[in-house]
Amino acid sequence: MQRPPPEDFSLKETNPHLGGGKITGDKLTSTYDLVEQMQYLYVRVVKAKDLPGKDVTGSCDPYVEVKLGNYKGTTPHFEKKPNPEWNRVFAFSKDRIQSSVLEVTVKDKDFVKDDFMGRVLFDMNEIPKRVPPDSPLAPQWYRLEDRNGVKVKGELMLAVWMGTQADEAFPEAWHSDAAAVSGADGLANMRSKVYLSPKLWYLRVNVIEAQDLIPTDKGRYPEVFVKATLGNQALRTRISQNRGINPMWNEDLMFVASEPFDEPLILSVEDRVAPNKEEVLGRCGIPLQYVDRRLDHKPVNTRWFNLEKHVIIDGEKKKDIKFASRIHMRICLEGGYHVLDESTHYSSDLRPTAKQLWKTSIGVLEVGILNAQGLMPMKTKDGRGTTDAYCVAKYGQKWVRTRTIIDSFTPKWNEQYTWEVSDPCTVITIGVFDNCHLQGGDKGGGAKDSRIGKVRIRLSTLETDRVYTHSYPLLVLHPNGVKKMGEIHLAVRFTCSSLLNMMHMYSQPLLPKMHYIHPLTVSQLDSLRHQATQIVSMRLSRAEPPLRKEVVEFMLDVGSHMWSMRRSKANFFRIMGVLSGLIAVGKWFDQICNWKNPITTVLIHILFIILVMYPELILPTIFLYLFLIGVWYYRWRPRHPPHMDTRLSHADSAHPDELDEEFDTFPTSRPTDIVRMRYDRLRSIAGRIQTVVGDLATQGERLQSLLSWRDPRATALFVLFCLIAAIVLYVTPFQVVALLTGFYVLRHPRFRHKLPAVPLNFFRRLPARTDCML
């Protein structure tokens with residue numbers, strides 16, 4: 001009996017007040033029905049006109065200050081512009097409002113002290129409410145007043161309303177939470193954002209042959225190979241077997257290319273003139289925009305490409321000399337494959353690259369990212385621990401990033417996102433990170449956003465149309481052990497548009513058909529996945545605000561294939577868990593054979609006789625039994641999504657040295673004596689595995705030796721036994737043989753010996769090829 005997991009690491013079901021209490025079976029009640037409503041005061045500052053001149057020159061440098069209690073937001077200032085346009089939105093959280101008056105002031109930027117130009121006051125009790133889908137509130141002109149309430153020159157166009165986070169103005173608004181953030185870069189780094197992964201293609205380069213190459217040294221046979229480069233990916237063919245000026249290869253090179261195909265494919269034909277020296281015989285550049293796109297397995301046409309040779313004279317590249325050398329290739333962008341950029345166990349998208357091959361979506365996934373509880377301090381600021389948390393969710397090509405909540409261990413995001421689902425056997429990943437770029441971009445000396453934890457939810461484990469509200473533990477493995485970094489509160493709903501289409505998906509191949517018609521090798525897939533993750537992380541890190549490399553790599557599980565003693569143990573015990581059912585059946589059958597419970601054994605005898613007499617009942621009985629087991633287990637079906645299990649992962653019992661090895665770099669950076677100790681440990685484990693593999697090989701070779709005459713007496717005995725068995729079985733009805741065999745296996749212990757059976761003795765005496773091993 002397994003101990004229950006520690007309460008601290010378990011999944012907790014919650015009952016939040018979703019959608020302002022409007023969560024019902026009708027999914028059209030609100031677009032934000034999976035989150036708790038958060039009230040905000042919105043102030044849209046549009047523009048001003050007829051502002052009075054304040055400088056000596058009679059001009060002004062105006063900006064607007066929006067103040068509510070202790071919170072203050074400002075627009076940028078415009079130099080010498082009496083009719084400025086800002087079009088900025090400010091959002092103040094209702095939970096933090098401590099004033100009954102909103103003050104919107106126009107000021108003139110000055111070196112010494114900013115001049116007051118006029119203001120507009122609003123009573124908080126008179127501000128209108130707006131809830132989408134109501135149309136946006138139209139801005140109005142307000143006359144400026146001085147501090148005594150007297151009208152002065154100048155007008156300000158404003159819109160002020162109370163709304164929720166469902167408002168269209170919410171994502172781009174300046175938030176009162178961000179009052180401590182400085183600079184435009186810092187503000188951009190804390191906003192919510194939706195990103196799309198770049199569209200990735202596999203590029204297949206089939207290098208066939210080259211003609212009329214001109215090697216420098218005419219007195220030797222050239223050793224020619226082709227080197228292909230795309231961005232930072234470089235591959236090369238083997239050296240051609242037919243040495244000469246017309247070499248042949250017929251070899252495939254695979255690359256990952258991303259739209260909009262900025263980088264050309266560069267091919268160079270090179271001659272290895274010495275062990276570490278190559279000479280370029282010709283080059284050509286191929287823009288990918290003009291390459292054929294293939295949607296199925298039909299081959300594209302081959303093409304000849306002219307090779308150019310660059311001649312360098314006095315250190316300067318002179319005009320390309322065209323000559324007769326050329327290369328024959330078949331190049332295509334493969335639209336029928338899915339470019340794997342995630343771990344295959346946690347794929348969120350399995351569709352092919354080409355949209356023409358996409359099937360209709362089967363449903364919609366909605367995720368409400370509510371809040372987090374009990375986050376750990378991730379950095380120190382002003383002598384105390386602090387955390388600036390944001391979430392990233394990834395499903396398919398769509399990534400979402402919530403806004404950053406400043407300096408809070410219990411951040412409330414309450415943001416809702418939607419994805420189209422094309423396959424139920426996919427996984428959504430939600431990660432929580434600490435923002436280290438709030439003080440103006442990368443000026444902090446290349447600081448990285450810290451990972452707080454992540455959650456994975458497999459869609460096929462969810463019931464359709466049910467709202468799952470759970471608090472998930474954020475568990476992270478550190479070199480000193482597993483640590484709970486807090487909890488994230490999510491609301492998840494998977495809505496199916498067509499149950500028939502979804503059931504049909506279970507009969508379809510997991511990957512597009514090209515993966516089965518022209519499969520890629522395991523080493524190719526590993527290399528291509530690495531290149532794909534590099535391209536995705538590079539492209540998303542160039543967005544604004546950037547989704548940084550360390551965030552993307554954590555979400556895509558880069559490095560999860562590296563050796564880990566802990567993970568190896570966990571996988572071994574998972575296999576044992578799978579086999580435990582068979583072992584349990586074996587023990588039960590052994591008890592039947594040994595008559596531990598005579599009544600059960602007699603019933604098994606009766607069942608056995610019925611099945612032998614009526615063999616047509618065997619398969620229906622098996623399937624009926626499986627059906628009844630499935631129906632019985634329905635009562636105890638899981639009522640919550642799966643989550644990280646520390647015991648299954650062996651994270652709670654891992655030795656500190658094993659964890660230190662798991663977090664080591666590749667290649668290793670540890671001292672020599674530690675590396676030697678780990679190497680010896682690995683050798684001892686590998687030795688045991690080697691022994692088990694050798695034993696398996698021995699049993700297989702003994703089976704082969706039954707008819708090989710390697711042991712002439714054993715083979716003669718077996719051949720003679722086969723002849724007698726054939727005659728006996730020919731003249732005896734099959735049912736009689738089956739009954740006799742069954743009764744012999746189930747015989748009473750009084751008729752059993754403790755010594756091994758004769759067939760087993762015979763089998764163990766057969767020769768294997770262990771004698772031939774060095």
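Using the three backbone atoms N, Cα and C, a Cβ is placed for every residue, glycine included.
As recorded in TrEMBL, the features of this protein are as follows:
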COMPBIAS  1-15  compositional bias 'Basic and acidic residues'
REGION    1-22  region 'Disordered'
DOMAIN    22-142  domain 'C2'
DOMAIN    181-305  domain 'C2'
DOMAIN    346-472  domain 'C2'
TRANSMEM  617-634  transmembrane segment
TRANSMEM  716-746  transmembrane segment
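Counting residues per DSSP class in helix, strand and coil order gives 6 helix, 52 strand, 63 coil for the domain 'C2' (22-142).
If you average pLDDT over the domain 'C2' (22-142) in this model, you get 83. Secondary structure of the domain 'C2' (181-305), assigned with DSSP and counted as helix (H, G, I), strand (E, B) and coil, comes to 9 helix, 64 strand, 52 coil. Taken through DSSP, the domain 'C2' (346-472) splits into 11 helix, 63 strand, 53 coil.
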